[in-house]
Amino acid sequence: SGESGAGKTESTKLLLQHIMNLCKGNLQLEQQILQVNPLLEAFGNAQTVMNDNSSRFGKYIQLRFQKNTVRGAKLSEYLLEKSRVVQQDTGERNFHIFYYMFAGLSSEEKEMYGLLDPSLYRYISGRFGTQDVAQRWKHKYQEVCNALDMVGFQEQEQVDMQAILAGVLSLGNVTFEPEESNGSVKVSEASRGWLKAAAVNILSQLVCCVSCSPWSPSVSCCCSLCADARDSIAKVAYGRVFGWIVCKVNELLAENVDPDVELREIGILDIFGFENFAVNRFEQLCINLANEQLQHFFNQHIFQMEQAAYKAEELPWETITFNNNEPVLSLLLAKPLGLLSLLDEQSAFPQATDKTFVDKLNSSFKGNLHFQSGRGRVLGFSIIHYAGKVQYTAGGFLEKNRDTLPANIRGLFINSITPLLSVLFQGIPHEPRPTVARVKCEDEALLIFLCPRQHSLMVLMERMYSANPHFVRCIKPNSQKEPGVVDNQVVLLQLRYNGLLETIRIRRDGFSWRPSFEEFAER
């Protein structure tokens, strides 16, 4: 764990290399496992203002061992930041893979996928990079292709996957205009070429799939709804491709073992770091909530459970206090009046807006020490997190929480001429809405935000509580992304809010090494 840009993903790769070097077993399998990280980075990481290679999803890698040899691996992913596909703030980029494709594909391949100059595409904000950067991306594209081959993806699967990504980019350039004859909306004449380039005939049928709001039946409203539906399609298509990659990886890395021999496991969690940007949106709230839960998990193990064990042993012990973040989790997750419950409630009302949601928060949390009403013209609010105060811009909260897709679109995907796109939408149930649950542990109830994916944070936290955790705290040396520079104040702030000063004290005064009686006697 640690802030965005503190080195979590790099530490994960080093740890994997170290473990693979120690176990010395199935060399091919070990190489396949090591290739998983660069593959997922290409599709799940992006440049942000805080980090040039920021993880925009969480991943949990389970390494399965038998007789001290790695026999298989399983990957779980959750909370991919799909909104990045259609929108990036100033100084940020879309997912790496789009830029790698432009830099790495040959002219013939670009023509096959219908790709033109990258400056034309709205979803990558018309920004590309310098010649040096493009050369680096070209090298990265080759790494991705090698990783796909190494892990075991078929050539046709790789072609289909890139066709879908190219289609997503073309989709973003489709715009809408009013139909003069009857007042409805159609795909604009200027963007019909982009619609054709998208390869799947979706948006030409989209207008009949999207109905205008009954209380605002204007043409401009219909154009906006069609644009929202276009973006929803792009986000869902990309999200399904990412999920399919993870499923394929798990199929190819599944263990082949003797069922009578017990499997041991090492799990490595590499999660997106705490974020506080100039503009913080719904995605930052989800990311920071996950970090709040991990901080609570850390507090439980390092302070509450450890000190309870000392008291149970009747050891002389002076209680060490720590910054307990349960009030923040309660503010966010309590039912029925937590922030997410109120967001779900507002999302269920068609007439509700981001403003009515914020008004509800202001009335519900008046006087709460961890909540502050927004100030100024921008609609928003602030949360006092364990790592500090974060101001959230409320625009788009309801739409992103609903995460809706026009009802008829799934059928259009299933009938796509691209085989992989058809497969991605066949036999996949509707993704459930986010819900909240409680996980019991040592008489303490931990509130969990369930993400819509199969491997939810609840499942992850249950798994972590059942294991013997080791915490790797990554500390960011400076805020300028500069090598070899240590900003003492930046470092000290992280040491304080992570509870590391109190951790040092409990390690110094407590009993950090606990051998069994047999180990002690043998020594």
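Cβ coordinates are placed from backbone N, Cα and C, and glycine is handled just like the others.
Whatever TrEMBL says is automated annotation, not expert-curated.
It should be emphasised that the depicted structure is a prediction, and the values quoted were computed from it without experimental measurement.
Your range for region 'Actin-binding', going by TrEMBL and the list 181-203, 204-226, 457-479, is 457-479.
Taking every protein chain shown into account, G2, G5, G7 are the binding-site residues, and of these the Cβ with the most other Cβ atoms within 10 Å belongs to G5. Between the listed binding-site residues, namely S4, T9, the fewest other CB atoms within 10 angstroms of a CB are found at S4. Broken down by DSSP into helix, strand and coil, the region 'Actin-binding' (457-479) contains 9 helix, 0 strand, 14 coil. When Cβ atoms from all protein chains are considered, those within 10 Å of A6 (ATP binding site) total 20, not counting its own.
Listed in sequence order, M50, G273, F274, E275, A387, C474, K476, Q494 are the same-chain residues at least 6 apart in sequence whose CB falls under 8 Å from the CB of E3 (ATP binding site).
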